[in-house]
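**Q** Reproduced below are the annotations present in TrEMBL:
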DOMAIN    1-152  domain 'G-protein coupled receptors family 1 profile'
TRANSMEM  26-49  transmembrane segment
TRANSMEM  61-86  transmembrane segment
TRANSMEM  98-120  transmembrane segment
TRANSMEM  126-155  transmembrane segment
Amino acid sequence: LLTAISVERCVGVLWPFWCRCHRPKLLSAIMCSLLWALACVLAGLVYFVCDLGHSKHCWNVLGTFCLLNFCFFTPFVVLSNLILFIKLRRSSWQHHPAKLYTVIFLTVFFFVLFGIPLSVQIFLNFFVYINFVFEICLLLASFNSSINPVIYVLVGSYGNSRFRGSVKVALQRVFEDR
């Protein structure tokens, strides 16, 4: 989902007129539904292969997911956010709020810092297994899964003398168009 969101933001900035005029209205909803369905199928596959006693194929499944994540999804997230950051930075005809830069930077930073180590560790488990390191990587990945809403709320409420209002108001401040 982070990959889809990152690519969607990048396309929206690179080709804003196409997005407004020609992009199908239900594309985001359809993509999210397909991604959730894919996630459920993949989680079911991992459960079936790894937890129901078919352990000789478990590392093959986990290794494939790790390779897919590390070689396909991660580069798309990093590249699309880097393109977005450069495009917004070089765009002189339009002023972009500093909060948007902060959200983009923090999202990519925490993804690289907390999301990637699990994929690397699963790949390295093919050669050497260190239980303590694997558990730390799982903890970091769990933290990465829940950090984005916190980033949005904190950046949306930054600059106020104290946090007033709801989470909805803070999210609106981050993503508002000026």
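Every residue, even glycine, has its Cβ placed from backbone N, Cα and C.
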**Q** Could you pull the average pLDDT for the domain 'G-protein coupled receptors family 1 profile' (1-152)?
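**A** Averaged over the domain 'G-protein coupled receptors family 1 profile' (1-152), per-residue pLDDT gives 80.
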**Q** Which residues, given as numbers and ranges, are at least 6 beyond the ends of the transmembrane segment (26-49) yet have a Cβ under 8 Å from it?
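**A** For the transmembrane segment (26-49), the nonlocal Cβ contacts are 1, 4, 8, 57-58, 61-62, 65.
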